Every structure is written in C-alpha cells, then in structure tokens.
Amino acid sequence: MNKSGKYLVWTVLSVMGAFALGYIALNRGEQINALWIVVASVCIYLIAYRFYGLYIAKNVLAVDPTRMTPAVRHNDGLDYVPTDKKVLFGHHFAAIAGAGPLVGPVLAAQMGYLPGMIWLLAGVVLAGAVQDFMVLFVSTRRDGRSLGELVKEEMGPTAGVIALVACFMIMVIILAVLAMIVVKALTHSPWGTYTVAFTIPLALFMGIYLRYLRPGRIGEVSVIGLVFLIFAIISGGWVAESPTWAPYFDFTGVQLTWMLVGYGFVAAVLPVWLLLAPRDYLSTFLKIGTIVGLAVGILIMRPTLTMPALTKFVDGTGPVWTGNLFPFLFITIACGAVSGFHALISSGTTPKMLANEGQACFIGYGGMLMESFVAIMALVSACIIDPGVYFAMNSPMAVLAPAGTADVVASAAQVVSSWGFSITPDTLNQIASEVGEQSIISRAGGAPTLAVGMAYILHGALGGMMDVAFWYHFAILFEALFILTAVDAGTRAARFMLQDLLGVVSPGLKRTDSLPANLLATALCVLAWGYFLHQGVVDPLGGINTLWPLFGIANQMLAGMALMLCAVVLFKMKRQRYAWVALVPTAWLLICTLTAGWQKAFSPDAKVGFLAIANKFQAMIDSGNIPSQYTESQLAQLVFNNRLDAGLTIFFMVVVVVLALFSIKTALAALKDPKPTAKETPYEPMPENVEEIVAQAKGAH
C-alpha cells in the first residue's frame with residue numbers, strides 16, 4: 001500500500017473512533033448499543049499502537065533490531081529460547097491475562113459504564129502498555145533480569161532488597177485475590193467444581209501424552225484437550241442433576257480454600273511438563289477462542305447497555321465496593337488499564353524468549369492493548385445484564401439478607417429495588433434456574449456476573465445452540481482456567497522471590513536445584529497466600545470488599561515502581577528529554593495509590609477506612625450490641641482483617657515513597673554525570689542466521 005493509502009486508512013480509523021466516542025458522549029440518559037464501545041475501543045487501540053507505540057520505540061527507547069537479545073545470546077533450549085513473535089505474543093498474553101481484566105471492570109460497573117470505559121482506554125494507552133513495553137525493553141538490554149534485580153542494578157542494593165520484599169508481598173496478595181475469585185465462583189456449585197476439577201487429571205494426561213506417547217504433537221493433544229473440556233462441561237450438568245454425585249462436588253468456601261492451597265503446593269513442586277505446561281495449552285486456546293467468540297458475539301447480538309452511564313453510587317456509597325470515584329475507580333479496575341503484575345512477566349520471563357528487540361513493541365505494547373480489549377468486553381458483559389441482577393449478585397449477603405432471613409431472594413430483591421434498580425424475586429429465581437445454579441444471590445467476586453453476561457451473549461449469538469446453563473459453566477471454566485494458570489505460575493515466581501530473600505539468611509536456601517529448599521519455600525508461599533485467601537473467604541462482608549482494594553493499591557503501586565525504574569533508566573541513558581513518557585503515568589499512579597492507601601488506612605469514614613471499620617466493630621463487641629446480621633466471632637474476624645489490611649497498606653505506601661526517593665536520587669546523580677551510566681549488557685550484533693535459530697528453537701520450545 002502506498003503512503004497516501006496508509007494515510008487514508010488511519011484517517012478513516014480516526015474518524016470512526018471519534019464518531020463512536022462522540023455518539024457515546026452525546027447520548028446522555030439514553031441506553032446505547034454496546035457496539036459503539038467496541039468500535040471506539042478498537043480504533044483507539046490501533047491508532048495508539050501505530051503512532052504512540054512506534055514513537056516510544058523509535059524516539060524514546062531507540063530500539064535496535066540489530067542488537068543481540070539474551071534469548072539468542074544464551075540460547076539453551078530451557079530458559080532462553082528465541083521464539084517466533086506470534087508464538088511469544090500468545091505466551092506473553094497468557095501469562096499477563098489473569099483475573100484482573102475479567103473482574104476489575106465488572107466491579108467498576110457499579111459506577112456505570114462510562115468511568116470504567118474512559119479509564120480502560122486512556123490508562124492502557126498512556127500507562128499500562130507503556131509500562132509493559134518499557135520494562136520488557138529494559139530487561140532485554142540487561143540479559144533478561146527480573147524487576148528486583150533491575151532495581152538493584154540501577155538504584156543500588158538497598159533499593160533492590162526493598163523492591164524484592166515488596167514484589168513478594170504484593171505477589172502474595174495478588175495470588176490470594178485470584179484464588180478467592182475462583183472460590184467465590186465455585187462455592188456450592190457442583191457443576192462448576194466438577195468441571196474445573198476435571199481439568200486436573202486431563203492436564204496430567206496431556207502432559208504424559210506429550211512427554212512419552214506423542215512427543216511434540218502440541219496441536220494433536222490440544223484438540224484432545226478441547227474435546228474433553230466440552231465433555232467436562234456437559235457431564236458437569238449430569239453430575240449437578242444427580243442426587244448421588246452432586247454432594248461430592250458441593251463444597252463450602254472454606255473447604256474449597258484448603259483444596260486450592262493443597263493444589264497450589266502440588267502444582268508448584270511438580271515438573272512443569274506434567275501439569276503447568278498442559279494447563280497452559282488448554283488455557284491459551286480457551287482464552288483466545290473465547291475472547292474471539294465473545295467479540296464476534298457482541299458484533300452479532302449488538303446488545304444494549306442496561307447499566308446507566310453513571311449510577312447514583314459515584315458518590316462512594318455503593319454496596320459492591322466503597323469509596324469515591326477518585327481514587328477508587330482506578331485501583332478497582334486494576335489490570336485492564338495498568339498492572340504492576342505485568343512488570344514481573346515483562347522482566348525475567350518474556351525477555352528470555354524475545355528473538356529480536358524490534359519485536360518488543362508488538363509483544364509488550366500490543367499484548368497489553370489486547371488485555372485491555374478483554375477488559376472492555378468484560379465491562380460490556382456486566383453492563384448488558386439487568387442492573388438489579390448485577391447488584392443482587394455482587395452485594396454482600398449481610399447487606400441483602402441479614403442472618404436469619406427466611407426468604408433470602410425476596411429480601412435481596414427488596415433491598416436492590418430500594419436503591420432504584422427494580423428487580424423481582426421471580427426474575428432472580430429464573431436466572432438462577434437458567435444458569436443451572438441453586439442461587440445467584442451475593443455471588444461476589446465479579447466472575448459469576450461476567451459468566452452470566454457471557455452466557456447470554458454466546459447463547460444468543462449461536463442461535464440458541466446449547467442452553468444458557470452450558471454457556472454459563474463454559475464461562476466459569478474459562479475464567480477458572482484463566483485464573484488458575486496465573487496461580488500456578490505466580491506461586492512458582494513467588495517461590496523464586498522467596499528463595500532469593502531466604503538466601504540472604506542462608507545461602508543454601510537460594511538453590512533452586514535443592515528439593516528441601518524448594519519444598520520449604522513453596523510451603524511458605526502457599527501458606528502465605530492461603531492465609532489471606534481464608535481471611536477473605538470467611539469475611540462476612542464477602543472478602544472482595546476488603547481484599548480487592550488492597551490488591552488494587554498494591555498492584556498499581558508495583559506498576560508505579562516499575563515506571564520509576566523506566567524513568568531512571570532513561571535518565572541514565574541520557575534520554576531525559578523523553579522521561580515524561582514514564583514520569584507522567586508514574587505521577588498519576590502515585591497520586592491515585594497514595595491517596596487511596598491513605599483513605600483506606602486512615603479515613604474516619606467507617607465505610608472506607610480499614611481502621612475506622614475495625615474500631616466500629618470493636619466498639620460493638622465491647623458494648624455487647626451485636627447487630628442481627630452478625631455473630632460476635634464474625635465481628636472479631638472483621639476487626640482483625642481490617643487491622644491487618646491497614647498495616648499492609650501502610651507498609652506498601654512506605655515502600656513506594658522510599659523507592660521514589662531512591663529514584664530521584666539516582667536520576668539527579670545521572671544528570672550530573674556527562675556520560676551514560678545505564679548498566680546495559682555490551683552490544684553484540686545479531687547473527688545473520690537469526691531466523692534459522694528461531695526455527696530450530698521452535699522444536700526445543
């Protein structure tokens with residue numbers, strides 16, 4: 001295509017995007033079609049990638065395709081494997097796309113579709129994709145080192161140890177929240193529990209099949225896996241309807257918690273080829289296939305958004321999560337716009353598979369844009385269902401139906417209707433029946449709500465093929481595999497971080513080839529996130545209300561730390577005139593997270609502040625005036641949970657401020673030095689036969 005043709009294409013895309021955004025903005029007080037949001041989003045993503053991503057690659061970072069990458073330099077067929085860019089894009093996307101882009105936008109829908117949509121689009125273009133791309137570049141230039149090692153190398157050993165401790169603590173919180181979403185989705189759901197449990201022996205079979213029966217036949221085993229996944233969903237319906245089998249898969253939240261802790265330990269110590277790799281194949285195909293199917297379904301169905309652009313809860317009084325639009329919307333959405341967790345993948349993991357530095361923009365910037373698109377579709381799925389159903393599913397049980405309520409559904413319908421979102425008990429019972437569940441009341445965590453929206457979209461788009469219950473449990477399986485893949489990989493990553501920390505005390509514990517050291521570190525990791533998971537599951541307010549804000553604050557603070565590192569590297573590269581690219585999102589993230597952290601820790605409002613909530617419930621215990629919806633032990637649990645969350649929030653705030661001071665100190669020192677001081681691996685030219693190397697490595701990979 002000639003230059004004028006290219007200009008015409010981008011002009012048309014710009015006009016389409018502007019028109020779609022204008023239509024959304026001008027239709028105030030009217031219900032609009034979800035298609036407008038999808039069109040506007042795709043146009044913005046394409047324009048951002050083509051222009052802003054390219055600007056960062058060429059001008060800010062001066063990406064050099066002739067420079068040898070660590071994957072080529074250390075090509076060992078194990079950790080360092082130069083990988084085809086399309087294959088690597090899939091691996092990177094599978095690693096970064098956890099629960100955040102699925103759940104955060106669903107929870108954010110409490111305030112209406114408009115605030116979440118704006119932040120998802122602006123945040124990913126200016127912050128999230130920038131972080132992923134720049135961290136990938138920085139790590140690639142330093143032999144694929146991890147985030148903590150990069151901070152240590154560029155800012156000094158003290159800052160490095162602080163960053164490593166913070167990364168481990170944040171990873172623990174992230175894993176606890178991810179696991180809690182699975183628990184909330186599977187509690188008292190025999191169909192869902194059976195289907196997810198079925199994938200464990202299936203993954204083990206696939207691992208043995210690939211290792212011993214048909215080595216290297218990934219496509220073949222993936223087809224087998226897909227067939228058995230469909231069988232698992234169908235047979236799950238039979239199990240749920242069986243009075244004999246259903247009780248064997250009907251578990252409480254606490255029972256599922258201990259099962260997940262045990263699973264997490266076993267999955268982290270088993271060989272990667274036996275469970276993790278096959279589950280990756282399953283989840284990657286399911287993720288990409290479902291995302292494409294959902295996008296096509298929205299195009300076919302063109303559903304109307306029933307959630308208003310702004311709800312009454314923008315004032316911070318919402319039942320799903322508490323706090324004003326600023327700053328809490330920005331920490332609630334989390335991964336769909338910007339995620340610190342991605343920095344742990346973009347450093348240390350993906351750089352060791354990057355065949356050419358010139359592909360970093362496609363993998364880093366492009367991969368994050370894809371995740372944001374997933375988040376947009378999650379937002380759409382949540383906003384097309386009846387708002388009354390949305391609030392009945394996501395509000396805490398203590399709010400909808402206090403302990404001892406005879407008719408929970410009727411009570412929930414009455415409470416939600418009093419908020420201005422009219423809903424009847426018959427409607428709630430009908431939806432529960434259609435999706436094959438005993439109840440949909442207070443199915444907090446976002447995942448069940450997303451599954452309901454997805455089920456109706458896919459059911460309608462395919463002309464009624466299979467019933468709604470099938471598609472609901474298909475969506476639950478999709479979400480569970482999405483999340484469990486991250487729990488598996490995250491537990492292993494946390495184990496490596498913990499072994500690095502334990503190695504400071506006892507060098508022998510740092511050895512990853514030592515079975516006792518591995519078992520000890522893994523046990524400590526799963527007990528750490530398992531503890532927070534248990535606290536969230538038994539929390540009378542649903543867990544999400546307290547743990548998700550802590551997760552959001554910690555995750556966004558980690559993103560701020562990663563962007564601080566990127567800004568420091570630009571100063572040390574003598575490219576400080578471009579440092580604004582990293583400093584602007586850093587400043588915004590620090591403002592949001594420190595404001596949110598301060599309010600969650602110290603706000604006197606008992607609906608917002610952790611300490612205020614703890615003091616309120618402690619006063620009830622001391623006075624003996626226990627509300628009917630709680631027991632004394634539940635109040636004691638709430639007091640402890642909130643005080644612990646306050647302590648962690650304060651710790652994360654101190655860490656990010658200290659690292660900000662180290663960043664300023666390092667940047668000022670770099671300005672005084674007339675020469676570049678960035679500690680990059682010395683330049684080596686890319687071998688001429690790099691394409692042949694990538695092709696050969698494909699088999700090893």
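Any Cβ shown, glycine's included, is placed from N, Cα and C.
Keep in mind that what you see is a predicted model, and the values were worked out from it rather than measured.
Topologically, per Swiss-Prot, Lys86 is found on the same side of the membrane as Arg217. Note on the topological domain 'Cytoplasmic' (665-701): mean pLDDT across this stretch is 81. Within the chain carrying the transmembrane segment (578-598), a Cβ under 8 angstroms from the stretch's Cβ atoms is held by residues 56, 59-60, 126-127, 130-131, 134, 323, 326-328, 330-331, 338, 549, 552-553, 556-557, 559-560, 563-564, 566-567, 570-571, 649-650, 652-653, 656-657, 660, 667, all 6 or more beyond its ends. Comparison of 118-138, 464-484, 524-544 by number of C-beta pairs under 8 angstroms to the transmembrane segment (218-238) places 464-484 first. Contact between the transmembrane segment (373-393) and the transmembrane segment (281-301) is supported: at least 3 Cβ pairs lie under 8 Å, counting only residues 6 or more apart in sequence. Within its own chain, the topological domain 'Cytoplasmic' (417-439) has Cβ neighbours under 8 Å at 188-189, 191, 237, 240, 312, 319, 386-392, 407-410, 451-452, 455, 467-469, 472-473, counting only residues six or more beyond its boundaries. The transmembrane segment (396-416) is in contact with the transmembrane segment (524-544), judged by 3+ CB-CB distances under 8 Å for residue pairs 6 or more apart in sequence.
The stretch from 87-107, 118-138, 325-345, 464-484, 524-544 that makes the most Cβ contacts under 8 Å with the transmembrane segment (281-301) is 464-484.
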